[in-house]
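Notes follow the structure.
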Amino acid sequence: MEIVAIDIGGTHARFSIAEVSNGRVLSLGEETTFKTAEHASLQLAWERFGEKLGRPLPRAAAIAWAGPVHGEVLKLTNNPWVLRPATLNEKLDIDTHVLINDFGAVAHAVAHMDSSYLDHICGPDEALPSDGVITILGPGTGLGVAHLLRTEGRYFVIETEGGHIDFAPLDRLEDKILARLRERFRRVSIERIISGPGLGNIYEALAAIEGVPFSLLDDIKLWQMALEGKDNLAEAALDRFCLSLGAIAGDLALAQGATSVVIGGGVGLRIASHLPESGFRQRFVSKGRFERVMSKIPVKLITYPQPGLLGAAAAYANKYSEVE
């Protein structure tokens, strides 16, 4: 059957027609992107998508939403849309829908993703296991964390708020970074470090620690400077970012009993070429008595262009697997 897959973020909403059957996503059509600010509601964007397609839309929707999906009224920063889950079927004139958190969608996507879209970062270069737990984390605007449980030919996605656990420094410089950030945030969660804005937090902390004058840069400019090696302090911040990402990826794998780890998120794709040469692996495996265990865990990175759309469709297919 056909469904409409939708990935809704703060500034953009992406639409695609997907075909699902027997719990699988058979195909995902061409993506259409709308700016949310140019459409007063999801309903109007839905109608615009139908007009662009030039035919009636399927009466089923799979929606990935960049925020919590529990509650009677859902809102996002930088997005004028308001979602009321109880009235979605009526507003969109559909029969069924699935509404999930955007990072939950990424976890669903991993369950359906071809291995060619998973780049090897470290550990054994082998396919993701067909049984067991896969830890999934993704730095973006924040830090998304989920885990994927595969068992007896089925899978289950468990969404978490793991991005909000405490940042744990592992050397003296990180002690100083934490102390500096506590002056601003009081409580420093790991997403204050491992996220798009996190690089700026590290950068400013390092400048203060070293007594180096610096100019406040927007995130895009800072990431560009760090990745292109145009600023020593930005490079140092990126090195610290990768160290911390490795540490928390390992911690989460231990906590979740994972047999493999997958990194997603917009930032993950940016640092794909940098990670293998960074201190990521050293921090990932350095877990004391469990170092040998950690060295046997494969770590992959998602390169699929739109995991949110694929994951939304996959979530629908998983829920309505009996529908042909």
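Just so it is clear, glycine is given a Cβ too, placed from its N, Cα and C backbone atoms.
Residues or ranges marked as ATP binding site by Swiss-Prot: Ile6, Asp7, Ile8, Gly9, Gly10, Thr11.
Cβ proximity to the ATP site centre (mean Cβ of Ile6, Asp7, Ile8, Gly9, Gly10, Thr11, cutoff 8 Å) flags the following additional same-chain residues: His12, Ala13, Arg14, Thr36, Ala64, Trp65, Ala66, Leu76, Asn79, Asp102, Gly308. Sequence-distant contacts of Thr11 (ATP binding site), defined as residues of its own chain at least six apart whose C-beta falls under 8 angstroms from its C-beta, comprise Lys35, Thr36, Ala37, Asn78, Asn79. The Cβ neighbour count for Ile6 (ATP binding site), using a 10 Å radius over every protein chain in view, is 25.
Counting other Cβ atoms within 10 Å of each Cβ, the lowest count among the binding-site residues Gly9, Gly10 belongs to Gly10.
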